[in-house]
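Under the heading region 'Disordered', TrEMBL lists A:1-37. The compositional bias 'Low complexity' feature in TrEMBL is assigned to A:19-37. As annotated by TrEMBL, transmembrane segment applies to A:53-71, A:110-130, A:137-163, A:169-188, A:218-243, A:263-290. Among the features that TrEMBL reports, domain 'ABC transmembrane type-1' is placed at A:103-283.
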């Protein structure tokens, strides 16, 4: 983005003078690397950037919304199939506490499933990377588990664990587990072999090498995997609710469908998507906090490129 | 800190009849064969040879990262059997941790070794000043030029005051001007610290400018074909050395040797 590049490269330090360059960078202050501070854009600039990023998708969404409104209001499609935005809004406000209670259930299943999948997935990735035996034993099984259609085993899980929260959480874990393992393995394997050599000559043990080199190095990969996993976890929880449940957004969806209550169905769909979006945003924010140094997260140009 | 107390008779690095072979299912390559090399404490030995002649392997064997197939290697009088800690290692690529600032990258050495924090911090500040990185302590690696990144790698390798510094084509990826500058700085740092340096390069000029002794290697399988003592005083100025006729003579001889040994 041109304007970003412009305010970050206020004083590009491109030469290699040992004494002169740092001094020059310091004296121009502000956005040099010298004081380590990133150039902080003013609130106005940041707002402008946010608007710049948002107006296109916002316009598209507004157009879609207008189209929906038009079709529903004019009843080109019957309202029991496509409700008007007004009807959806009405249902949303009237059934607010009912919808919130069920949203909470699905959110709970999703978050718990995601967290468990993240922990189990990372653990499995570590086993695979550190042990040849485990790699040979575990990797094919993980792959095999992935190709089983999870939706197909949902009834089995309900039969095993009943209609409570457990089968939904298990399903969310099963669906979200795979991307975590794959990204974790890729991340842990991406360590520069020279860094591992270096670590050996520093006399560091495997735990220290993991903590200070391998794990932080794996974070960018891992975060991508977690972003995929969190959206999949929602799918897992909802599918679990489809098969057998007494509460949750998936259950509400079935009920609404059975009653041809399109307004409730739409309201329910909005809330499901909202869960996905909010959770994705949370992981995205975690990523921004954890790996601000990574290339994927920095907009500016390097201070010195030569 | 390093536990090494080399006695007067111990060489810093002593390699006798070293052979290294790599075997995989499909192939068997001899990287180096019958190499003998001795570096006395405080010496600056440069090893020059064509690409792929096993120079890097030689350094890795000294560091204990690659086991020898035959022959013996000792560091500061002790046989090398596992990764050595009395060394500093600089690679061709800086191999910095991109999430750590310059200062914290240098201090990695201390953290991994569990050295005293405040002493390490003082030493890091000294090295930052010595290598002209002052003002960039908090910068992240991607904000620095290649030359500056390599300076950080050098500081990291020197933090624990290693008696032996191993450098594997440390300036190979840099432009000529930066390279000259860093050569001059390395010469000064070597004189200041008194550390023994083993530096691998494919630049004849660099080998002669930096070395108190130049070892010339043949193409793979690498052997040492000849040793040239460099009788230019240790304190060296780039322009002066380049126009020195002793430099010219040595460089020409080495070039002739490498040209004759090469297969292309």
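Cβ atoms here come from the backbone N, Cα and C positions, even for glycine.
TrEMBL annotations: computationally assigned, not manually curated.
By the Cβ criterion (distance under 8 Å, sequence gap of 6 or more), the transmembrane segment (A:110-130) is not counted as touching the transmembrane segment (A:53-71), fewer than 3 such pairs being found. Contact count against the transmembrane segment (A:218-243) (Cβ pairs under 8 Å) is highest for A:169-188, out of A:53-71, A:137-163, A:169-188, A:263-290. Residues 77, 82, 84-85 of the same chain lie 6+ residues outside the transmembrane segment (A:53-71) yet bring a C-beta within less than 8 angstroms of a C-beta in it.
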